[in-house]
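Structure, as structure tokens:
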Ligand code: SF4
């Protein structure tokens, strides 16, 4: 099991075993799910109330489907832990966070200081993702 | 022209710092090349045949003279004294050192420029009509919308690792000068029956190995939903675009495989959902951007008289200028296609000279065209002769816009690591073969486009005559295509038949022009004659 | 012969493996036999080179000639700007690449 290296939540970490999206609907006691790049995150929408951990898997960081999966679940109101797992690179951490991720479990531990710099790199952002609580630059301009 | 505020400046400065840090980590060994490559590409830094190549963004092709001057200075200071203007309305430097790149980006940032997302699998620099804000026939200036989209697409967190690159064009004229329907998304600003401005969306166009013309996907997107709709288009693509095969990963394949209607259905569904999310900038933001694109202080009642007694000047005026919306002004195009020259290349001195002329005679503004030329958008007719003389003295007054000499050519095997064959020497030979002004005038409008490989950076599918370089058992070989067009009447060229050697393809083109001249009726252009008489007579002349 | 080539990590310049180090001149190329892949990995790891790969070539009277035109253009420079190539004063230099 990969370690969570960065976590931006106050609550207790959930470490229930994550099941596949396919299995999740049938296993009514499951509370953690793992989304692979090809899965449709919207399949989980009927079950949001019993979810407390979503792992979104990045077998290769250059496959960006997980960004949409995370944001879709957040848009639908999912409030639990959203954990990015797999091939994570420092330079994308900030963007993952903007799509609703709040926990990061890279395959290989990242340089702690470089990663912290990356998380904090962008003081302002051009878009509202509506899931990271950050106002877009346009909102500040017309605040 | 758009002027950065503190936020825009901060974004670009932050990117410079980020890239500096990435280069440091690469040189220190913290990043392998496999890890670094996608990161440097998102900053327009390629590794090409002879060195690193840096592609600097010229958003929607518009720049001011301070920016243009700096482009010349960078060519001198960090490159080998020249730059290459590309079919993406950008500029590329061919001899860049990795260690210098952060400093170059820092210099660019000082004049509000950058190389953000000029490559990589992300939303690329947005292209537009090079005559925007000056052409007589446009509905609105398309650039405020392009700028709105530029900001939205810069570091959009959800769309930085798309299946493949993503190109957007925005136009607002019936005359399409930006090959809008050959983009991943083409946007045409339109007016509806109620007189409101909105955006017509086309999706799934592109060149490359499977050229496709984008179908219309929505007739009218209201301005207060523009970003939301674009976001819906991108999300469907990010989720369902193919990632198993690089050559099938562009949105054109998704739209083609799903079918236009199914893609539209999915986008509409996503759009309806996204409309519930507070992601659309207020119209006030668009209004703010628009204030940067107001008309410069045109002189009212400027004279429309032009003294055309100098025959060379007259020829240039006839070929290289375009009607301006303001009386007494013209749009003038500087051809970067001298006979025997390298299409799109300009020396540092030439770049600075064009900057100076723009400052003195075009309200400080220039445009880069996708045909690899430079435009002075607002020249007073009374100044035109002075401008022309200065250009002429610098070898920049070639009068060949849209003629057989105005060739689009990608860098090809002389510079590009992906190439199969050289493009530039072919362009040089053709421009020499058809070098005489009389001959060019006789042939008239003829758009010739050359790509050194199937990636089609030279837009060969969209040329009235297109040339594609291929590798035939280790030798350079050239396929010939006829009948492509990128304008309002977009069409894709058809291959004539077996390929040619470099000299052979020049001969074949000459024969094709002879067929045209022999069959031309009235005012027909090459393309019109081809469309009327078809491929057969050309084939016969070329291979017979 | 098998030639190992790539680009200098910092400058991007085209370089050729001489047997002990890297050279800008293709004629200095050594035959790497079947050690190419191992050498490439080692030199990339040491950050001396980026994008190293092995190409076929032949020793001729004029020097080393890579088998493919692409490598010959890399060895020379852009044929349309001979002033920027390794043979700026040889007007016939471009003929060599064909
Ligand atoms: S068309 Fe091919 S050869 Fe030409 S620039 Fe594009 S990738 Fe390179």
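Heads up, residue numbers simply count up from 1 along the chain you see.
Every residue gets a Cβ built from N, Cα and C, even glycine.
Per TrEMBL, domain 'Nitrite/Sulfite reductase ferredoxin-like' is recorded for B:52-110 (among others).
Looking just at the domain 'Nitrite/sulphite reductase 4Fe-4S' (B:119-273), the mean pLDDT is 96. Per TrEMBL, the feature domain 'Nitrite/sulphite reductase 4Fe-4S' maps to B:119-273 (among others).
Residues or ranges marked as domain 'Nitrite/Sulfite reductase ferredoxin-like' by TrEMBL: B:340-394 (among others).
Taken from TrEMBL, the feature domain 'Nitrite/sulphite reductase 4Fe-4S' covers B:403-542 (among others).
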Return the stretch with the most CB pairs under 8 A relative to the domain 'Nitrite/sulphite reductase 4Fe-4S' (B:403-542), choosing among B:52-110, B:119-273, B:340-394.
B:119-273
Could you give me the DSSP helix, strand and coil counts for the domain 'Nitrite/Sulfite reductase ferredoxin-like' (B:340-394)?
27 helix, 14 strand, 14 coil
With helix taken as DSSP H, G or I, strand as E or B and everything else coil, how many residues of the domain 'Nitrite/Sulfite reductase ferredoxin-like' (B:52-110) land in each class?
30 helix, 19 strand, 10 coil
